[in-house]
C-alpha cells in the first residue's frame, strides 16, 4: 500500500460524503420511507448519520490545502490563486443556476426568490457567498456552506502559522472556541460559522503532522489484524451512536467532528480492501462540489414531486444524484464554451497586476 493519503483517497471520501448528504436531505425530515427499525425507518437513521458529510468536506478541505501548500506560504499568492478561484467557481454556479432556473423552472424560481427589489437583494447576497452571516442559507439551502469555507480559506494562512507554532495546543483551543455555538442567534451566525471550522483546523493539523501515515505505521507494526478490528469496532459503535442523535443538535454536530475523522481514517486504512464501486464513488467525489451546490434544486425545489413520488429509497437517491450530474454536465459544457479556466486565469492575473504583483 502507498502510505501517502492520495487524491484518490480524497475523492473516495468525498464520494461517500456526497451520498450521505443526499440521503440526509432526502429523508431527515421525510419519515416513512423504507423498512422500520424500531420506531424509525432505516432511511431516517442513515439520514441522521448523513449530516457528518459537512465535517468530512471541511476536514478534507483543510487537509488538502495543508498537504499541497507545505513549506513557506506566500499569503498574497494563496489569496490570488486559491481563494479567488474558489469564489469565482462559486459565482459561476450561482449565475448559471439562476439562468437555468429562469429558462426551465421560472414559476418555481419566482416562488423561491420573489420579484423586484427582494429578488435583486437575494441575488446579491447569494453572489457574495456571505449570506449565512445573517442566517440566510441561500437560493439553494446548501449554499450556506460557502460562507463557512470562504471564511476559513481567508484564515488558512494564519491557522497554518498557529499550528506550526503551537501544534496540538491550538487545535484543542479551537475546539473549545467551536463550542461557543451552544448559544445560538437567529440572525447572527458568525459564531456558528467559526464553530464549523474545527474539522478544517483538524484537517490542517493532520496533514502537517502526517497523522494518517503515523497511524497506518502503528497499525501494521504488529498485531495489525487486531488493531484493524478495533478500528472497525470504533467505526460501527460511532455510527450506532450517531444515528440515535439529533444531527442538528449541539452534541450531534460536535460528535460529527470525531465521526468524520474516524470515517476518513477507516477509508484510508481499508481502501485497498474495497473492491466494489470504487471508480463510481471516486467519480462522484470528483463531481462532489457541483452535486453539493445543485442537488437541493432537484430534491427540494424543482423536482420535489417527481422524486418523492417514486417511493423507493434506491431510485430516489439515484435520481437526485443523476439529475445533479446532468445539471453538472450542462455546467461543464458551458465552462468549455466560455473557456472558464482561461477566465479564472485572466482574473487572477488582473488582480495581481492591479496589486503590483508579478505572476509566476
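Keep in mind that glycine also has a Cβ here, set from the backbone N, Cα and C atoms.
Annotation comment: TrEMBL describes 11-330 as domain 'Acyltransferase 3'.
Here TrEMBL flags 12-28 (among others) as transmembrane segment.
Sequence-distant contacts of the transmembrane segment (48-66) (same chain, at least 6 residues past either end, Cβ-Cβ under 8 Å): 5, 10, 13-14, 16-18, 20-25, 28, 82, 145, 148-149, 152-153, 156, 159-160, 196-197, 199-208, 239, 242-248, 252-253, 256-257, 259-261, 263-264, 288, 292. Annotation comment: TrEMBL describes 48-66 (among others) as transmembrane segment.
Positions annotated as transmembrane segment by TrEMBL: 87-105 (among others).
Annotated transmembrane segment per TrEMBL: 142-163 (among others), in sequence order. If one looks beyond the transmembrane segment (142-163) by at least 6 residues along the same chain, the residues whose Cβ comes under 8 Å of a Cβ in the stretch are 21, 25, 54, 57-58, 61-62, 65-66, 69, 73, 75, 78-79, 82-83, 86-87, 90, 94, 126, 129-133, 170-171, 189, 193-194, 196-197, 200-201, 204-205, 208, 292-293, 295-296.
Beyond the ends of the transmembrane segment (170-187), by six or more residues, the same chain brings 134-135, 159, 162-163, 194-198, 201-202, 205, 250, 254, 257 to within a C-beta distance below 8 angstroms of the stretch. The annotation transmembrane segment is assigned in TrEMBL to 170-187 (among others).
Per TrEMBL, the feature transmembrane segment maps to 193-213 (among others).
Sequence annotations record features per position, and here TrEMBL assigns transmembrane segment to 225-245 (among others).
Residues annotated as transmembrane segment in TrEMBL: 251-271 (among others). Using a Cβ-Cβ cut-off under 8 Å and counting only residues 6 or more beyond its ends in the same chain, the transmembrane segment (251-271) has close neighbours at 1, 5, 8-9, 12-13, 16, 48-49, 51-52, 54-56, 58-60, 175, 178-179, 195, 198-199, 202, 206, 212, 215-216, 219, 228, 231-232, 234-235, 238-239, 241-242, 245.
Here the transmembrane segment (291-307) has long-range neighbours at 18, 21-22, 25-26, 57, 90, 93, 97, 101, 104-105, 108, 112, 140-143, 145, 284, 316, 319-321, 323-325, 327-328, meaning same-chain residues at least 6 beyond its ends whose C-beta is under 8 angstroms from one of its own. What TrEMBL records for 291-307 (among others) is transmembrane segment.
Residues annotated as transmembrane segment in TrEMBL: 313-334 (among others). If one looks beyond the transmembrane segment (313-334) by at least 6 residues along the same chain, the residues whose Cβ comes under 8 Å of a Cβ in the stretch are 18-19, 22-23, 26-27, 33-34, 43, 92-93, 96, 100, 284, 287, 290-291, 294-295, 297-299, 303, 306-307, 340.
With a cut-off of 8 Å between Cβ atoms, the residues of this chain six or more beyond the transmembrane segment (193-213) that come close are 3-5, 54-56, 58-67, 70, 132-133, 147-149, 151-152, 155-156, 159-160, 163-164, 167-168, 170-171, 174-175, 177-181, 253, 256-257, 260-261, 265, 268.
Taken together, the residues of the domain 'Acyltransferase 3' (11-330) have an average pLDDT of 90.
Remote same-chain residues near the transmembrane segment (12-28) are listed as 41, 43-44, 46-54, 56-57, 60, 141-142, 247, 263-264, 267, 271, 274, 278, 280-288, 291-292, 295-296, 299-300, 307, 313, 316-317, 320-321 (criterion: CB distance under 8 Å, separation of at least six residues from the stretch ends).
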